[in-house]
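Asks: Supplied in structure tokens, the structure appears directly below.
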Protein chains: 2
Amino acid sequence: MERGAYLLTTNTFEQKLAEFKEYLKTMKGYEEAIGLMYWDMRTGAPKKGIATRSEAVGVLSGEHFKMSVSDKMGEMLEYFSAEAAFSRLDRVDRKIVTETKKEYDRSKKIPPQKYKEYVVLTSKAESVWEEAKEASDYAKFQPYLEQIVAANLEFIELWGYEGHKYNTLLDMYEPGMTVDKLDQVFGALREKVVPLLAAIQASPYKPNTQFLKQTFEKEKQKQFSLFILKQMGYDFEAGRLDETVHPFATGLNPGDVRITTRYLLDDVNSALFGTIHEGGHALYEQNISADLIGTPLCTGTSMGIHESQSRFWENMIGRSRPFWNHYYGDLQRQYPGQFDQVSVEDFYRASNEVKPSLIRIEADELTYNLHIMVRYEIEKALFSESVRVADLPELWNEKYREYLGVTPSNDGEGVLQDVHWAGGAFGYFPSYALGNMYAAQITRTLRKELPAYDELIGSGNLIPVKEWLSDKIYQYGKLLTPTEIMTEVTGEELNPDYLVHYFREKFSDIYKL
Amino acid sequence: MERGAYLLTTNTFEQKLAEFKEYLKTMKGYEEAIGLMYWDMRTGAPKKGIATRSEAVGVLSGEHFKMSVSDKMGEMLEYFSAEAAFSRLDRVDRKIVTETKKEYDRSKKIPPQKYKEYVVLTSKAESVWEEAKEASDYAKFQPYLEQIVAANLEFIELWGYEGHKYNTLLDMYEPGMTVDKLDQVFGALREKVVPLLAAIQASPYKPNTQFLKQTFEKEKQKQFSLFILKQMGYDFEAGRLDETVHPFATGLNPGDVRITTRYLLDDVNSALFGTIHEGGHALYEQNISADLIGTPLCTGTSMGIHESQSRFWENMIGRSRPFWNHYYGDLQRQYPGQFDQVSVEDFYRASNEVKPSLIRIEADELTYNLHIMVRYEIEKALFSESVRVADLPELWNEKYREYLGVTPSNDGEGVLQDVHWAGGAFGYFPSYALGNMYAAQITRTLRKELPAYDELIGSGNLIPVKEWLSDKIYQYGKLLTPTEIMTEVTGEELNPDYLVHYFREKFSDIYKL
């Protein structure tokens, strides 16, 4: 197509709109194919096919990217963003145009050659990171990380920024989030969590957790995970559960939202809570309104809101007393003889043990946020250029001592533990802690609007909870921003006090503070 | 791109060739994605995602088709087909150009609107066929079949034909195959098979097959199937085995060739021979030369040659006496107690029972070819317009009586039994019988070139056989035509006498004729 050809057509507004939507649907078709190809590579694609497969993924990703920045896309967006056409769009279509334009503008600002080099760099960095982590050899990874940070600083200049440079990165994962807001909420949270943690550590009432570490047959774990997913309202006609080393959820379309889990034979809780977590992500994606299928709005609105749902189901539901009051009998029957001597109260307390540790992904509900704050402080410092990449290991260890009171014995269990930076995903980590705060705040409203909340959970009736969340959050996909969701559902913007309140109540009880 | 822009570029021959190959590789990327999407839909995609998935497949197929008939493709082919450029291509690239041009010409001759209507028609016809078969109601399916035959007659006029109109359809599945050749080889085959079948039916030495029909645990069947696949040299790092209602093999790339099977709990042989059959297809695709990856030559050369490999492994190997002399002990150990009273000879004979039946996919090795000949005669008559679609049930039943001596009690087990015609796949059926003839002819050469053939099989050493086939056939993919393969490997073109000879020798022995 010639540049300008689209704008010159004599098609009506309606014809142009239909053409625009068809174009977006084609892009979604690519996304579904790419999503399936990744799912397949992680769940069981034969390894000798991976090289050719990766090229095929590259082909489709390339075609998808070309469509996203094509002249035609530019002209369609020019037409629909202009007042004359925009004013004739309904609410959903307006949001589709603004979201698509945001992506388009972001992509267009990076010169294609630079972007290509960056993709190659991060792809290489991810494999170097794997070796560096294995060998606890930060020096090996450092030059890659330096280049990745430098590239991101360059991108930020091209994209533009307001206030802190890091804001531009935060906005990619949590639209509207800024350093100012995060400093405030993380500060407030840390101020309350640190003394609470100290009190917990000083408590003589430590839960016994030994019985969690027996041997549990994989097939039985799987059956129990499937049973709980069913209870949550996960729709097995619109999803499936598979096994992977690193669990994940992937929404190909609302009728096909897959989750994976990992079974540890010596731990009764790992696969279970992992499955509930991914199940929470999946409930979100399964319940997006069918009206949004084939549009860019057919996905969760942000990483933080998405994580609020996985954490809500994992922690606020799965690690709650009413939940175990109801389901503990099922668990006991699932593993005959293995929990005969364990009371439901002991099991509940063990499943909520708080213990500062080195590894984020193994952290408990309370200390998890401190792991995130360490990463947040480091990312902020990197993008205000107040710390050098070379100094990260030292800074990391110092922050861990300060926030968690533990010190890594090597960089493999320290600064090299997460893959995120190797992939250039700066600004992503805060989503995890935001998810916890959102989840507590949403839970408070949920309790008000479903007054029998504890009784519902305590009688194994989780469906009304899923339906309330679908009604208030899930159905909207990306139609509402995170701030709109929070304001419309809870009546106020993000407020860390609800998480603090939830922690205090829960852990004062468990640790008899 | 403007029409003509490609030919006008000042790019060198080498640059143009690289661009052409990149273009073909992109198309292969689409094919891999589409192949995976189909595999996934058949092996376990959640049913509520199927509608959106089908649209995504439609999107990718549409883009792939557009590339295959684009102006750019036309211009690239124009450039490379012309003597100046063609003479500079090596053997592989020449074949790539001629194969691609053949496809291009075929696609361009059908007006896009007509093609679209045909896709809708056959897609609708397939679901109508399913209901019609279920209800044994030919009248329901007949109008669709009439339209599909009419559309194919129209396509044949557009494509052109030499001799019989049906030749054009045959050529799509078996390049170079004609009615004249098929009449000759099928005639010769039928002339010998019919009296052999009569002799077998008259023989008092019928194998006892009762012991094949005990109860066999699925997991044990699966383990044994996996074991035999491994023995054949199927590479599990380049493939996997899954379960489906209708078994199939799909080559996404030579490093990822998947097969599926179906386990019947009351039949020890069904899944086993089904797996060996699909495994034969898979060996072909796994062993195509890596040089051909990303090109249109990276697939089997024809349906007939492909089928020769599945049938070779299933029948010439899997249903042979030396094979069972070696593996029967493994089978007995796999199902403890279930074959204690059964000798290897009895098992071998039972696995080779010959019995005329109504259903093609359940037919034995000998009578299978007669089922194919019935379909061939009918297709030939349809495209010489010497029979009306309305008369097919009667013609079908008459041919079954004549060729196999059995008569369907309804059209569900008669003319409606196969899905092929609903999908418009006329010309496909002969491939199955061609596969049998090719397989016997290839086996004869193989026996000459590997003189210890029987000893190898009889000692469970199947790898040299796989390697010989890889060397002679598999590695070439579509680089050689079926006729070239047969001539270069066996020294002559297709000759039905080898299959006749193989049948006579095998069944005279089994039935003591």
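Cβ atoms are placed via backbone N, Cα and C, with glycine included.
As annotated in TrEMBL:
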ACT_SITE  B:Glu278  active site, proton donor/acceptor
BINDING   B:His277, B:His281, B:Glu307  Zn(2+) binding site
Asks: Quick one: pull the CA-CA distance for B:Glu307 (Zn(2+) binding site) versus B:Glu278 (active site, proton donor/acceptor), whole Å only.
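Replies: Here the two Cα atoms lie 9 Å apart.
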Asks: In the same chain, outside B:His277, B:His281, B:Glu307, whose C-beta lies within 8 angstroms of the Cβ mean position for the Zn(2+) site?
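Replies: Going along the sequence, the neighbours come out as B:Ala249, B:Glu278, B:Gly280, B:His306, B:Gln309, B:Ser310, B:Arg311, B:Trp313, B:Glu314, B:Gly435.
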Asks: If one looks at the chain holding B:His281 (Zn(2+) binding site), which residues at least 6 apart in sequence have a CB under 8 angstroms from its CB?
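Replies: B:His281 (Zn(2+) binding site) has long-range Cβ partners B:Ala249, B:Ile259, B:Gly300, B:His306, B:Gln309, B:Ser310.
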Asks: Give me the long-range Cβ neighbours of B:Glu278 (active site, proton donor/acceptor): same chain, 6+ apart, Cβ under 8 Å, in sequence order.
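Replies: Non-local contacts for B:Glu278 (active site, proton donor/acceptor): B:Pro247, B:Phe248, B:Ala249, B:Ile259, B:Thr260, B:Thr261, B:Ser310.
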Asks: Which residues of the same chain, at least 6 positions away in sequence, have a Cβ lying under 8 Å from the Cβ of B:His277 (Zn(2+) binding site)?
Replies: B:Pro247, B:Ser310, B:Arg311, B:Trp313, B:Glu314
Asks: In which DSSP state, out of helix, strand and coil, do we find B:His281 (Zn(2+) binding site)?
Replies: helix
